[in-house]
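S.K.: Below are the structure tokens for one structure; questions will follow.
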Amino acid sequence: MADTRDLVTGSALCALGAAMAIVARGFPTVGGMAYGPDLFPTIVAVGLVASGLGIAAEGLAAGRNRPDEDGGRRLGPLVGILAVIAFFALALDPLGFHIAAAISLLCSVRLFGGGMVAGTALALVGPVVLHAVFYSVLRVPLPWGLLLPVAW
Amino acid sequence: MELVTLLAAVFEPQLLLTILLCTLYGSFVGAMPGLTATMAVALLVPFTYFMDPVQAVAAIVATTTTAIFAGDISGALLRMPGTPASAAYVEDAHALARAGRPRTTLFVSLFAASIGGIIGVLLLASATPLLARIASRFSSDEAFWLATLGLSCAVFVGGASVPRNFASLFIGLAIASVGIDVAVGHPRFTFGINDLYDGISFIPAMIGLFAIAEILRNAETSDPTRLGQLSVEPLRTALAGAWGQIRQRKLGILRSGVGGTFIGALPGAGADIAAWIAYAVSRRLSKTPEKFGRGHYEGIVDGGTANNAAVAGAWTPALVFGIPGDSVTAIAIGVLLMKGLTPGPNIFSSDAMLVETLFGAFLVANVVMIVSGGLAIMAASRLLRVPRSMLMPSVLLLSMIGAYAIMGSVTAVWIVLGLGLLGYLMTLARIPIAPAVLGVVLGEVVEDNFMVSMMKAQGDLTGFFDRGTAAVLGVVTLAVWGLLLFRAAREVISGGGSRSRETEKT
């Protein structure tokens, strides 16, 4: 038996290192020089593979699955939050900052176990506060999207 | 005359206001379980983009100092350290709070933190100019070895096992190698995305690794313990009691302050390690070691002094060599680079005013902290009742919009998502995050100096040892590597499990 999580981690690092090294081999070298843009990524790739092997070896030596210190995991909210970030990235330009932010806030309040009323309140207040700070004070050009006709 | 100019710069109203606001912000974030001091700084960085360099650095300093102290608030009241730096003496603080002395305990740790911070700044201000004079003679060879030594030390003293620390470091260096390369200008690992030609933008990367990873961890665990009823003593009693404790323990404070500063100055060892070591030393030297862990002020005073002294100490290698002492100074170096300032020995001659104002701001922050921290202690029970379901979504939106504000492109949000997920997976795999941050910040420095030295030496590796100082640094680095290999072998044989607990929070 071995610690499966360490074996997975080790293999992932080895795969990442191998992929980096393969891509780096395609980088052009400057005439006559033995080293170019590929040298540093190759060193890093070797390091990734070596540490991956080290972690895998640790897992093998551990001989069992070490218990989780955090206790139970809830995958739903986790995936939900990732989806909220992806939604924000996709919706920011077409819908505009205010709408995208309000929807993101409402959804994430619900994902963290908050109620509809609290979520709606935060979704209404949050974007306005951030608008004041970033758009009005710091002059960051936040996209207006659908609200462009009523931009203030 | 110079002193007058300096005082005028330090006491400039806008700077003082920044420091005051940041100490309040630091108290709030530090007190919240699940929000660390590093996260407070990562969220602050988008704002520093719009400040002048002195103001930006002062903001970071003020936020960190108070956040490290404020971590004690939830530590004492909930037995959940607000930041990892408060973990060493959380048992004592909580036991005292439950015995009806929450405010006395917190004022003890506030005073200790402030004094520790001041000791740290005084040492920092007296040591760094001397070190900088030595460092100003360095060439690319020494710079390469020094950066490599810094990275190796980070691996050596970091919490987790050697392979895990190395994995983190190389992940950071891999992130740093994205973008146009320094030698011939070839785009590496950009996958045709134009926004990546300049490399993975630093601020979204920090926000992802620290803020989003932490939010994801919070999302998948259930809500922490709620604050129960707590009896609170009157303010006057608390202040008098706390001051009495501090006066009794002058020697311990001095020892932990000086020790904490030195530990903080080691690359990779931050406030949390300083607190653990100071607590252990305090217990060993104590006349009443059996009281430790059951509600004893001695450990709180020593640990609380050391962790704030370490905050100042971490700036030593950052300012003198451009090598961060912890994750916060790593972020600060990134901010300075963004402002066109390169931390390193030359900053002491080229931007002497900036450095001196920084020391001044550090001192002011440690004094102002007493007011902001005091307010936070008074409002503690209200502060801890802010529901997580409102707090985390707000932090999430602030993270995304902060990253977007810096890059002005949605790519920033994707970077935040990608690195947030990476940071989360790293904690899941028990890989610490701090070395990766050093890798991201130092990657370019290491590669630049490596390539310059390689070209000078025409690819002959012995060229790295040609100059006297470079040879010494090179040999020290190789010795550290030897020790690391030895420790790695020992850890692998023993299964590496014993130290994995510490990697959970960075």
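Even glycines carry a Cβ here, placed using N, Cα and C.
Predicted automatically and left uncurated, TrEMBL annotations should be read as such.
Features from TrEMBL:
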DOMAIN    B:16-438  domain 'DUF112'
TRANSMEM  B:57-78  transmembrane segment
TRANSMEM  B:106-131  transmembrane segment
TRANSMEM  B:143-160  transmembrane segment
TRANSMEM  B:166-184  transmembrane segment
TRANSMEM  B:196-216  transmembrane segment
TRANSMEM  B:258-281  transmembrane segment
TRANSMEM  B:318-338  transmembrane segment
TRANSMEM  B:358-383  transmembrane segment
TRANSMEM  B:395-417  transmembrane segment
TRANSMEM  B:423-443  transmembrane segment
TRANSMEM  B:464-486  transmembrane segment
S.K.: Per the 3+ Cβ pairs under 8 Å rule, pairs at least 6 apart in sequence, do the transmembrane segment (B:106-131) and the transmembrane segment (B:423-443) touch?
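M.R.: No; fewer than 3 Cβ pairs under 8 Å.
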S.K.: Does the transmembrane segment (B:258-281) come close to the transmembrane segment (B:196-216), meaning at least 3 CB pairs under 8 Å for residues 6 or more apart?
M.R.: no
S.K.: Restricting to the same chain and to residues at least six past its boundaries, which positions have a Cβ under 8 Å from a Cβ of the transmembrane segment (B:423-443)?
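M.R.: For the transmembrane segment (B:423-443), the list is 147, 150-151, 154-155, 158-160, 164-177, 200, 202, 205-206, 208-210, 212-213, 216-217, 267-268, 270, 323-324, 326-327, 330-331, 333-334, 500, 503-504, 506.
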S.K.: Which listed range (B:166-184, B:258-281, B:358-383, B:464-486) shows the maximal number of Cβ pairs under 8 Å with respect to the transmembrane segment (B:318-338)?
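M.R.: Maximum Cβ contact count belongs to B:258-281.
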S.K.: Mean pLDDT for the domain 'DUF112' (B:16-438), as a whole number?
M.R.: 86
S.K.: How about long-range neighbours of the transmembrane segment (B:258-281): same chain, 6 or more residues beyond its ends, C-beta under 8 Å?
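M.R.: Non-local partners: 37, 68, 83-89, 116, 119-120, 123-124, 150-151, 153-159, 292, 299, 302-314, 316-317, 323-328, 434-435, 438.
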